[in-house]
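Only one structure is covered here, and it is reproduced in the block below.
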Ligand SMILES: Nc1ncnc2c1ncn2[C@@H]1O[C@H](COP(=O)(O)OP(=O)(O)OP(=O)(O)O)[C@@H](O)[C@H]1O
Ligand SMILES: [Mg+2]
C-alpha cells in the first residue's frame with residue numbers, strides 16, 4: 001500500500017541542520033497493524049507526518065498504491081488526506097468551537113457530502129464509539145477519553161484506508177487508553193490499516209509488527225525489514 | 001446551513017465579543033469616514049458641474065452703477081442716475097463682441113391681479129418707494145397701476161365672460177424680457193408662442209406663462225392650453241395670454257414673462273427715471289467671458305462715459321466658491337482616507353494575531369482534508385464578515401454625516417450612490433487587508449502549522 005524509498009528529512013535551523021530521518025525505506029501493506037517505537041526525538045512524529053503527507057521529505061520517494069506521490073499538488077494531497085487517511089493525535093485536536101457531532105462532520109464537508117448525510121454518518125460513528133449521549137457536547141465538556149473517542153470517530157468519517165495515530169493514548173490514563181486500543185484493534189480486524197506511534201512496549205507487542213527508529217534511522221533487524229526486502 | 005469550518009470562524013467571531021466588536025467599530029468608522037468623504041467630493045464636483053452648465057453662468061450682467069451704489073448712498077445716486085440709463089437698444093453692444101451668442105433684457109416684474117374678492121377695492125396704498133427694492137432690476141411702481149377701478153357690476157359681467165380670466169390670487173411674479181431670453185435658456189413653448197420682436201414693439205399687453213403658473217390659473221375646470229388667447233385681468237390692464245412654456249428646471253415654471261418695452265405705454269419717461277434695466281449677454285463658450293467683458297466695458301464707456309455701468313460675471317464668483325468648496329472637500333477626503341488607512345493597518349494587525357491563534361487549527365484542518373485554497377476561502381469568509389458588517393454600519397454612519405457636510409457646503413441633497421460606491425470600495429480594501437495575515441498559510445506544511453502552540 002505504502003512504500004517509502006530512501007526517505008530523509010532535514011530541518012534547517014539557520015546554519016545547523018537536524019537530520020530527523022535518514023535514508024528510511026519501508027513498506028506497509030493493506031491491513032497491517034504497525035507500531036512505530038523509539039526514544040524521544042528519534043523521528044517517530046516526523047515519520048508519521050511524512051506518511052500522512054502532512055510534511056514533505058527532503059529526499060527519497062513516497063509511493064502510494066504504486067503511484068509516486070512525492071510531489072503532488074496541494075489540492076491532490078488534501079484530497080488524499082481527506083478521503084484515504086484518518087489522523088488521531090496525542091492531544092486529540094478537536095475544535096473547541098464545534099460540538100462532538102460537528103467535529104465528526106467536518107472532514108465530510110471537505111469531501112462535499114451533503115449536510116443530512118454527514119449528520120447521519122456522524123451519529124452512527126459516535127454511537128459506535130459509545131458517545132451516542134454526548135453528540136451536542138462541546139469538547140471542553142468531555143473527558144480526555146471521550147475526546148479521543150470523538151477524534152477516532154472523526155478520523156473514520158470518510159472511511160479511510162489508513163489510520164495514522166501518533167501516541168493516541170499518551171494523554172490518557174491506562175484504563176481509558178485500553179478502550180482506545182480496543183477500538184483501534186477492532187478497526188484493524190475490519191481491514192483498516194493502522195500505523196500507531198507508542199512508547200508503551202505492551203501496546204507495541206499487540207501490533208502486527210514494530211518499526212523501530214533511533215536517531216532517525218530504522219533499526220536493522222526490525223521485523224518489518226526482515227519480512228520485506230526493500 | 002454553514003459548513004463546519006465556517007462555523008468555527010463564525011463562532012470564534014461571536015465568542016470574542018470585545019475584540020470582534022472593536023474590530024467592527026474600527027472598520028465601520030474608517031469606512032464611514034471614507035464613504036462620507038468620497039461622497040462629499042463627488043457630490044461637490046457634480047453639483048459644481050451642474051450649476052456651471054446652467055445658462056446663468058455663461059452670462060455677463062450689465063447694470064447701471066447707480067443700482068450698485070444706491071443702497072449705500074442714495075443722495076449721490078440721483079446724480080449718477082441722470083446720466084446712465086440702459087435700454088434694449090444697448091443690446092447692440094453684442095455686435096462688437098464675437099463671443100456673445102445671445103443678448104437680452106431680463107427684469108424682475110410683478111402683476112397685481114384683480115380677484116373676485118379684491119376687484120372693487122382700491123389698490124393697496126403701501127407701494128414700495130421708487131428706486132427698486134431688489135437687485136434684480138426694477139419693478140413697476142404705483143404710477144403704473146393706478147389705471148383700473150372696477151365696480152361690482154362690471155366684475156360680475158367679466159366673470160360671466162369666458163374670454164376673461166379672473167385669478168384666485170392677487171399677485172404673480174415674473175420677468176420682462178426680450179425675445180433672446182428664451183433662446184439663451186433654451187425654453188420652448190408647449191402651446192401658443194413665446195415673446196417675439198413684434199410683441200416687444202407692439203402695443204398690446206401679452207404674457208407667456210410658466211407651466212406651473214398656467215396649471216394654477218387654469219384651475220381644475222380647464223386644460224392649461226385653453227388659456228391661450230384669453231385675457232388675464234390685472235390692475236395693469238388685460239394681459240393676453242399668448243403662450244405656455246414647457247417645464248424648465250431653473251425655477252421659471254411659476255413665473256410669467258412679458259415683453260420688455262423701453263417706454264411703458266402712456267407713462268413715458270417713467271422707466272427712464274425709476275427703472276433699472278439689466279442687460280444680459282450670454283456667451284457660447286465660458287472661456288470667452290473675460291474677453292467679452294473687456295469688449296463690453298469699452299463699448300459702454302464710449303457710449304455712456306466712464307464708470308457708468310457695472311459688469312458682473314456670476315461665473316467668476318461661482319467659480320471662486322466652487323474652488324473653495326472643492327478644496328475643503330479634498331482636504332476632508334484626505335483626512336478621512338488617512339483615518340481609514342490607519343484603521344486598516346490596525347485591522348490587519350488584529351487579524352494577524354487572530355490568524356496566529358488559528359495556526360494550529362489550520363494545520364488540523366489541512367490534516368482533515370482542507371486544501372490551501374479552502375483555507376484561503378475560510379479566511380476570506382472572516383474578512384468578508386468584518387468588511388460587510390463594518391461596511392453596512394459605516395454606510396449608515398456616512399449617510400447623515402455626508403448629508404450634514406453637504407448641507408454645510410451648500411450642496412443640494414447628494415445621491416447615495418457615492419456613499420454606496422465608497423462603502424463598497426472601502427469594504428473591498430478592508431477585505432484585502434484582512435486577508436494579508438492569512439497569506440502565511442499558503443507557504444507552510446500542515447505539520448509545521450500543527451506544531452505551533454495554542
Ligand atoms: N520543526 C522542527 N524544526 C527543527 N527540528 C525539529 C522540528 N521538528 C522536529 N525536529 C527535530 O527532529 C527530531 C525528531 O523529532 P520528532 O518529533 O519526530 O521526534 P519523536 O520521535 O516524535 O519524539 P517524541 O517521542 O518526543 O514525540 C528531533 O531531534 C527534533 O528536535
Ligand atoms: Mg512525537
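Each residue, glycine too, has its Cβ placed from N, Cα and C.
What TrEMBL says about this one:
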- B:20-292: domain 'MacB-like periplasmic core' (DOMAIN)
- B:334-446: domain 'ABC3 transporter permease C-terminal' (DOMAIN)
- B:118-144: region 'Disordered' (REGION)
- B:21-42: transmembrane segment (TRANSMEM)
- B:328-351: transmembrane segment (TRANSMEM)
- B:383-404: transmembrane segment (TRANSMEM)
- B:416-436: transmembrane segment (TRANSMEM)
Surrounding residues of the transmembrane segment (B:383-404) on its own chain - C-beta under 8 Å, 6+ positions past either end: 9-10, 13, 23-36, 39-40, 43, 347, 351, 413-414, 416, 419-420, 422-424, 426-428, 430-432, 434-435
Beyond the flanks of the transmembrane segment (B:328-351) by at least 6 residues, Cβ under 8 Å: 19, 22-23, 26-27, 29-31, 33-34, 36-38, 40-41, 44-45, 382-383, 386, 405, 409, 426, 429-430, 433-434, 436-438
Beyond the flanks of the transmembrane segment (B:21-42) by 6 or more, those residues with Cβ under 8 Å of it: 326, 329-330, 332-337, 339-344, 346-347, 350, 386-387, 389-391, 393-398, 401-402, 405-406, 409, 414, 418-423, 425-427, 430
Confidence summary (mean pLDDT) of the domain 'MacB-like periplasmic core' (B:20-292): 77
Secondary structure tally of the domain 'ABC3 transporter permease C-terminal' (B:334-446) (DSSP, helix then strand then coil): 97 helix, 0 strand, 16 coil
